[in-house]
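Peer 1: Please see the structure below; I have some questions.
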Ligand code: HEM
């Protein structure tokens, strides 16, 4: 009798575990918004590997493109959602997002074009440009020794790309409250905002993005590092300053630089200066695994910002033009 009761309880537990696992796995497979991990499995089974090989080839030639591809995904998602709107070229009637001052230093469009061309050859009209950008960013992070993660796919491409919309990108002059508010508007917590800022472990900023910090004495800027920044700027507004000592490697050096008051942008350094986010920066600087975990979760979430599905969008034939 007691044995039977134990067996029944054990079976009931196993059943509820199974149901829970199905719910979790189901949510994982299909995502909350209709995006799916296996979206192209039948319609374009080599989509993932075509993008990955294209990205790997491009990064072998020019490792600095990893940063560019990650930034491109961010700038795509924050304006009009992750819908490939950043890729659209201006026309005589429309100045597109990519021609706004905040986007002029974006690069890597030719990597997306290259992947798209091969995908159109293999499975015409199936793989969206928005998905290519999301996959390319993910592959660039892995290539740079960052976390490996899977992303759901099925984003459609948007039909709007207007320079005036880019006013909604965060500025490098933002303080912590402004950063929290800009990311909060898109559903991100302060912790997710700090994790995503960790993308600045890759790449460079040009002098024009930080030179305003050099004119006044700044107690939150290390005096030796201020000299480094000034030296960079002596070569002009377009001179590039790596965000950390390992600009092509995805690691937590960026957060360690912030602790040493050696953040490049004002919006980087404030994350450590203000009590609200200081401990998060400290945590990521001390524990790279924690940063990687939070970063990949936040990137998957970023890739779902205002995605277009069904007839709300299209699959562009050429990523630079609406159909
Ligand atoms: C928190 C708010 C953010 C601000 C204010 C900001 C601002 C900037 C600025 C001003 C630059 C340098 C541009 C230049 O001088 O040419 C830059 C570069 C970069 N940003 Fe951000 N960013 C932010 C968040 C992010 C996020 C969330 C990501 C990605 C998830 C990201 C990825 C990058 C990368 C990888 C670069 C280097 C690009 C390259 O080397 O080509 N940023 N960012």
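If you go along the chain as it appears here, the first residue is 1 and each next one adds 1.
Placed from the backbone N, Cα and C atoms, the Cβ positions cover glycine too.
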Peer 1: Which one of 201, 274, 277 goes with 244, 246, 251 at the Ca(2+) 2 site, as TrEMBL has it?
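Peer 2: According to TrEMBL, the candidate sharing the Ca(2+) 2 site with 244, 246, 251 is 201.
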Peer 1: Cα-Cα separation of residue 129 (disulfide bond) and residue 97 (Ca(2+) 1 binding site), in Å?
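Peer 2: So the Cα of residue 97 (Ca(2+) 1 binding site) lies 15 Å away from that of residue 129 (disulfide bond).
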Peer 1: Quick one: which residues besides 76, 81, 83, 85, 97 have a Cβ within 8 Å of the Ca(2+) 1 site's Cβ centroid, in sequence order?
Peer 2: 77, 79, 80, 82, 84, 86, 130, 158, 161
Peer 1: Compile a sequence-ordered list of residues in the same chain as residue 44 (disulfide bond), six or more apart from it, whose Cβ lies below 8 A from its Cβ; state 'none' when nothing qualifies.
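Peer 2: Expected: 119, 122, 123, 126, 127.
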Peer 1: Of the recorded positions 71, 83, 170, 233, which ones put their CB under 6 Å from ligand 1?
Peer 2: 71, 170
